[in-house]
Amino acid sequence: MSPQTETKASVGFKAGVKDYKLTYYTPDYETKDTDILAAFRVTPQPGVPPEEAGAAVAAESSTGTWTTVWTDGLTSLDRYKGRCYHIEPVAGEETQFIAYVAYPLDLFEEGSVTNMFTSIVGNVFGFKALRALRLEDLRIPVAYCKTFQGPPHGIQVERDKLNKYGRPLLGCTIKPKLGLSAKNYGRAVYECLRGGLDFTKDDENVNSQPFMRWRDRFLFCAEAIFKAQSETGEIKGHYLNATAGTCEEMMKRAVFARELGVPIVMHDYLTGGFTANTTLAHYCRDNGLLLHIHRAMHAVIDRQKNHGMHFRVLAKALRMSGGDHIHAGTVVGKLEGERDITLGFVDLLRDDYIEKDRARGIYFTQDWVSLPGVLPVASGGIHVWHMPALTEIFGDDSVLQFGGGTLGHPWGNAPGAVANRVALEACVQARNEGRDLAREGNEIIRNASKWSPELAAACEVWKEIKFEFQAMDTL
């Protein structure tokens, strides 16, 4: 931005335009424990110094505007302004910088992810002085964390509700995602749960379409759940998608699910919005429902390396807004996910305290204090041959979700579920015996398939299936 002269006005302040860095770039600032800290990847326009670009981000996402205004004198800018307190170059990128910005806690409404994002990313991403801007990470202070309920129940309470311990949970997204009648949909749910899965799932775009209205789907799925439970002696669930066009309709669907006695509902938290999601999460805690979260639309926001918002920020926001599960990539399947970076935000979802670790993309130490954890869901292009790697990468506190990897079994849905359950139990047993899943995984699956014809058939069908593309989500 080219410097412009200030003019003296008769109202007693210096009107005009001045460089942002004069007010908002403060390299000597010592951050407070109560500050919200942000790490932005900044790509300035040619000729714009990094300090000016970083200061512009701090200004436009807090108290600043493009010109000096006389009402600045009616408040304490020094108390309320955002500050760009550090800038560092991005390795291997000549035109990109990481700008660290500190925001005073008083800028944000308590318990509102909506307000937090409106302030930090709501306006500044269209700023002309920047070619591109990406929010890489946020540090949420303990004082702000304590204003959020967070997940309705969390990992331990969910395990207690399900009475399932010592292994990942198994799920399946019902396919085809669109076009089935409610009765046929419920039949697929029953067959998968009866075969050994813990959960089945509505696809994210299954809401209430002409071919299958939500109430009919809920009824047939509830029947399938209770029938499978009575026959297996295990607690089962189906993620009934309550996402709707209005909050009132969403809540009506959640209330009906509770009245049916099912254990879990679902929400598309990005397309549905954070206000709706937080509302639903509060209802779920008050009424004993687990809440599964799908991240539909996330790649629109997080896929580009130099612009948008990294998924670790969306994951933190979800933990604050509320959800017991969230999709988090697979590392090994068809959807995006580089191993170290994926495990970085998986830890941010599950653990109470996470140390700064730039090798995994974690820019700040994060203390969640007593906020419950979220189960990461691995889903997308995975099958029985991936089971050893998934078990080793994600550990017990996860949901492994096989859609086509269940329903695509040559013998049908129930045998597909059996194959996945046998593969999982074999991997967990081998791990508990001290075997190396990364090195011996294929052998473990082959040995298990000798006494499970369902697993043997699945192994044969998917033995050549690979999704080998370079990951976009790299440091």
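Just so you know, glycine gets a Cβ as well, placed from its N, Cα and C.
Annotation source Swiss-Prot lists active site, proton acceptor at K175 (among others). Same-chain residues at least 6 positions away in sequence with a Cβ under 8 Å from that of K175 (active site, proton acceptor) are, in sequence order, D203, G403, G404, L407.
Annotated active site, proton acceptor per Swiss-Prot: H294 (among others), in sequence order. Residues near H294 (active site, proton acceptor) in space but far in sequence (CB under 8 A, at least 6 apart, same chain), listed by position: E204, N241, M266, H267, D268, Y269, I326, H327. Mapped onto three states, the DSSP output places H294 (active site, proton acceptor) in strand.
If you draw a 10 Å sphere around the CB of K177 (substrate binding site), it holds 14 other CB atoms from the protein chains shown. The substrate binding site annotation in Swiss-Prot covers N123, T173, K177, R295, H327, S379.
The Mg(2+) binding site annotation in Swiss-Prot covers K201, D203, E204. Mapped onto three states, the DSSP output places D203 (Mg(2+) binding site) in coil.
Residues annotated as N6,N6,N6-trimethyllysine in Swiss-Prot: K14.
Under the heading N6-carboxylysine, Swiss-Prot lists K201, citing sequence analysis as support. Taking a C-beta cut-off of under 8 angstroms and a sequence separation of 6 or more, K201 (Mg(2+) binding site) has the following same-chain neighbours: G171, C172, T173, I174, H238, Y239, M266, H292, Q401, G403.
The site 'Transition state stabilizer' annotation in Swiss-Prot covers K334 and is backed by sequence analysis.
By the criterion of other Cβ atoms within 10 Å of the residue's own Cβ, the least surrounded of the binding-site residues D203, E204 is D203. Non-local contacts of N123 (substrate binding site) by the CB criterion (under 8 A, 6+ apart in sequence, same chain) comprise E60, S61. Around S379 (substrate binding site), taking its Cβ as the centre, 24 other Cβ atoms fall within 10 Å, counting all chains. There are 23 other CB atoms within 10 A of the CB of R295 (substrate binding site), with all protein chains counted. Around T173 (substrate binding site), taking its Cβ as the centre, 24 other Cβ atoms fall within 10 Å, counting all chains. Here the Cβ of H327 (substrate binding site) has 21 other Cβ atoms within 10 Å, regardless of which shown protein chain they belong to.
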